[in-house]
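Q: Got a structure for you, questions after.
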Amino acid sequence: HPWTALWTVAGNISEDCMLLVLGRRVSLSFVKRVNPQDPVLFSKPILLNFRTNIFRVIHSSTVFASVTRSNYTDTMPERRPFVRLPTDVYPVNYGLSLKPDLIDFTFEGKLEAIVEVTLATNQIVMNCADIDIITASFVPEGAEEINATGFNYQNEDEKVTLSFPSALQKGSGTLKIDFVGELNDKMKGFYRSKYANPSGEIRYAAVTQFEATDARRAFPCWDEPAIKATFDISLIVPKDRVALSNMNVLDRKPYPEDDSLVEVKFATTPIMSTYLVAFVIGEYDFVEAQSSDGVTVRVYTPTGKAEQGKFALEVAVKTLPFYKDYFSVPYPLPKIDLIAIADFAAGAMENWGLVTYRETALLIDPRNSCSSSRQWVALVVGHELAHQWFGNLVTMEWWTHLWLNEGFASWIEYLCVDHCFPEYDIWTQFVSADYTRALDLDALDNSHPIEVNVGHPSEVDEIFDAISYSKGASVIRMLHNYIGDEDFRKGMHSYLLKFQHKNAATEDLWDCLEQASGKPIAQVMSSWTKQMGFPIIVVNQEQQGDDRILKISQKKFCASGPHEGEDCPNWMVPVSICTSEDPGCTKLKVLLDSPETTITINNVSPDQWVKINPGTVGFYRIQYSSAMLESLLPGVRDLTLLPVDRLGLQNDLFSLARAGMISTVEVLKLMEAFVNEPNYTVWSDLSCNLGVLSSLLSHTDYHEEIQEFIRDLFTPIGLKLGWECKQGEGHLDALLRGLVLGKLGKAGHKPTLEEARRRFKDHVEGKQILSADLRSPVSSLHKQADMQEEKNRIERVLGAISAPDLIQKVLTFALSEEVRPQDTVSVIGGVAGSSKHGRKAAWKFVKDNWEELHNRYQGGFLISRLIKLSVDGFAIDKMAAEVKSFFESHHAPAAERTVQQCCENILLNAAWLKRDADDIHQYLLQRKAPPV
């Protein structure tokens, strides 16, 4: 913050004196009320802030503590080498009391931490950010209290050094700190979240989001995942508010100094990391149940919406016993709360015993929620509850191992949902949602290895990306398949037992899995986690009598074409092979640990096809010889190939076309073979790739021809499904109908557009309410929507408007009070993804409003998402230069890699267009030409 002279001491101090600290109003309720004539002004210290960046703390005992702020400059200083906290003092237990002010948006805190001094020292270094320490002292066990004489804040490193007049001796003691802070509006640390109560009155809740490094914004602490301690938390809150924390409430009693407040004391936590601590103060209803293993589960919802918590409650109650059984380790706390937070940057956060969610990731309205929302809630609940074991009970030693935490939870959430809802066919959806997304990102030169050495806290946010989550999940799925379920579970059980309440690194899990399976896990997996990218497996075959001889080789796959060069990395690739005799059964498994090999498959007749990577489990692309590919195509048309393999085949070819290894026309021909396709996920992936192609060709004058191709491909399935759901249809039919009608509408299919308009009119007039699954293809009723899911649905589709003046209105609306801060990104993204004009308008809007947007999301992953959505669709070389130049003069440190990836994508799009545009145009014209 620019330092300004905030306050000067006048002769008389009025009764309601306010103090400005760092530009914030902080209620001085800690100041003893005194007679202004009293020579001793205050019984506790006060802060005086001068432009010199030097504070003086005036203490009634005339002790002066000098408080300095180092490293504050108006320009970004060069990044210095990052140093972790010293280990000479570490916490054993945090006694923490917090008193938030929901009117002034400030909070007061008292910390009494039991610490162990391992080496005599006259200073204690802790993490601290946006907090002002009022007093600090240390009480050695059985000795006199020692007051700190100086607080040196290193803002850049988010640390504070407390100096003491004499050395603190080895042994136990209590560190006492009184401090004040701000309930910020940045959706991180201890922050305020805006909501309307049932009568429409605007109010604020006080909530937390500490991962990765923001516990230090709520209280001074050792904010590193390996420095674990227990926590005794008390919250002093208005008596009509709900107060929650990680543990169950022990005591709730009136607060002696103010009868409108209560003090809520929570049970002592197990030993845990700071990033998993949480507290929430607000107005909520809840639904409750017991899991079969006796854990109390509650889902907290906005007031008056308790029934919208029932679906998540049902999922959570099924999920806890599933994980207990899978890991053979019980859930370690007496309760778990799942709570919907109005303003929330991530999807959800796995705080131990108090999991926080975006409203759309937790609340389901039985009448108004669509099938995809139910599925999303089930996956997110499954993901966060998996972390209660994998992440919370056993925690990564440092952020370098974040991928293991997130990759594992992103894999097992699907296992859990498959157990709870087998009708979702969720593993096929995994391939479309996670696996192919990770392959696309990891083919870029600006990707990164799964394991990234993380130093400075500002680097952590950047690795919360599709590599950590989706590639992480994909390689764990491949590993699980390679080991087999029984040995995998055995290894997981021994890992959790060995490291419970401790910290672990990636290698520790490999050791446990290696012991359980007898396979070279560490060797195999380090080739996937320590180097970026993945291989393309090139396959040729020849028939020798009754045997099929396969020649397979590997080289690094790059989005710009195959990796050519001497230093080509190699992977240890588990390769599975099946044949048309039994497409669902693996006939042979090999571990490809060299650049090439030859494999003989016995008893395969010449008319049988051979398929590599059945189930699309191995994390690689495949390039078949043209004869092998030709033999697989009938399996797409007659559906003898499994859905997941039909999807994988098409997705591989699409990415080979984008990389210039085959012509895009080959892919268009393959896509036409999907005309009989019944599977939702296969259509979803086709739709996504056609969307990429449509966006690419919007830069040409024959965009209409690709739209026509899309209409021709999707019309038969659209006619078959119709608008009304039929008896006996399930979850996947509902998803498919929404997808197909939306795609037809976007491609300008007249009958679909006319029917959508008619149904929308009836919906608005209340004649015939649209089913929730059909609202995305049609809607726009933002103000009346009471459900956040409905608002988000509308916000995402608003960008589809084509009139330039209305596009501008939508963009302005994105930054208005009507749209929650975390949802602004998807509104702007909706505009950018809708049309050529929308893309230009959205990018201009982001540039024009950069300061406000960056300030709103600074440092968080939402800024990366905003950049990606705004610019990824461009396909002209000079746009890459413009984007690069803009971010050189408008720093976004947390999104550096995203900017590089976007520029690379723009250049790849431009090269693709130059290379294939004419051939695509010719093909699209030919297919409509009358036969000669």
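Glycine too: its Cβ is placed from the backbone N, Cα and C atoms.
The domain 'Aminopeptidase N-like N-terminal' annotation in TrEMBL covers 91-276. Residues or ranges marked as domain 'Peptidase M1 membrane alanine aminopeptidase' in TrEMBL: 311-528. Residues or ranges marked as Zn(2+) binding site in TrEMBL: His383, His387, Glu406. Taken from TrEMBL, the feature active site, proton acceptor applies to Glu384. Sequence annotations record features per position, and here TrEMBL assigns site 'Transition state stabilizer' to Tyr469. Among the features that TrEMBL reports, domain 'ERAP1-like C-terminal' is placed at 609-906.
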Q: Do any residues at least six apart in sequence from Glu406 (Zn(2+) binding site), in the same chain, have a Cβ closer than 8 Å to its Cβ, and if so which, in order?
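A: Non-local contacts for Glu406 (Zn(2+) binding site): Phe464, Ser468, Tyr469, Gly472.
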Q: Sort out for me which one of His383, His387 has the most neighbouring CB atoms within 10 A, since those are the binding-site residues we care about.
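A: Result for the most crowded candidate: His383.
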Q: So if I measure Cβ to Cβ from Glu384 (active site, proton acceptor) and keep only same-chain residues at least 6 apart in sequence, which ones fall under 8 Å?
A: Leu338, Ala348, Met349, Glu350, Val355, Tyr357, Ala409
Q: Tyr469 (site 'Transition state stabilizer') has how many other Cβ neighbours within 10 Å of its own Cβ?
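A: Cβ-Cβ neighbours of Tyr469 (site 'Transition state stabilizer') within 10 Å number 23.
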Q: Same chain, not part of His383, His387, Glu406: whose C-beta falls within 8 angstroms of the C-beta centre of the Zn(2+) site? Give them in sequence order.
A: Glu350, Glu384, Ala386, Phe390, Gly391, Asn405, Phe408, Ala409, Ser410, Glu413
Q: Taking the domain 'ERAP1-like C-terminal' (609-906) alone, what is its mean pLDDT?
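A: Average per-residue pLDDT within the domain 'ERAP1-like C-terminal' (609-906): 87.
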